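Below is one structure; the comments refer to it alone.
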Amino acid sequence: DAEQHGEVALKDANAKLQDLKAALQQAKEDLARLLKEYQELMNVKLALDIEIATYRTLLEGEECRMSGECQSSVSIEMVHNTTSSSSGGSGALGGGAGGRGGLGSGGLGSGSLGSGRLGSGGRGSRASRGNLALDSSSGGGSAVRGSVSNSGGSCAVSGVGGRGSVRVTQSSSQSQRSHHKL
């Protein structure tokens, strides 16, 4: 009788062990799915942070230029590598005064940086010059090289391994101007 009781307890323990193994496997699959979703969201966040920083820097430079107090040199550098891939896309980093551009389908967050122009636009000003060209690099990264002309400046994006990073710098030099009323 005790032997039967022991066998039943062993079967119950094995059944619980199998249930726990199945639950562990399901949890691992869920964790992998959530990690992939998190990485995709972080790629989108990085792209949006880049776009926000670019527009902020360009706006500050344009305000300074329009006030005539300084000449601005804008330098934007973004390094990004992604392991996800896209079936193509037409997104653009930036956009002109007409509001075209932005992150399109298959934009930077999906593994490719769309072709387009990086322009300042707005408040009746002309868009800054600066074409961006897409270069593919090994390892799933994307690279864009180009320049932005807002009284000088440059934009360089390189695909490298590791996590993405953004660096936006702006240097201004005061120009002495005197206005005389006649």
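Sequential numbering from 1, following the chain as shown.
Quick reminder: no glycine exception, Cβ is built from N, Cα and C everywhere.
Values in this document were obtained by computation on a predicted structure and should not be read as measured data.
According to Swiss-Prot, the domain 'IF rod' annotation covers 1-66.
Per Swiss-Prot, the feature site 'Stutter' maps to Gln4. Here Gln4 (site 'Stutter') comes close to no residue that lies at least six apart in sequence on the same chain with a C-beta under 8 angstroms from its C-beta. When secondary structure is read from DSSP and collapsed to three states, Gln4 (site 'Stutter') falls in the helix class.
Within the model, the region 'H2 subdomain' (67-86) shows a mean pLDDT value of 58, rounded to a whole number. The feature region 'H2 subdomain' is assigned by Swiss-Prot to 67-86.
What Swiss-Prot records for 67-182 is region 'Tail'.
Taken from Swiss-Prot, the feature region 'V2 subdomain' covers 87-162.
Among the features that Swiss-Prot reports, region 'Disordered' is placed at 104-182.
Marked as compositional bias 'Gly residues' by Swiss-Prot: 104-124.
Taken from Swiss-Prot, the feature compositional bias 'Low complexity' applies to 144-158 (among others).
Positions annotated as region 'E2 subdomain' by Swiss-Prot: 163-182.
The feature compositional bias 'Low complexity' is assigned by Swiss-Prot to 165-176 (among others).
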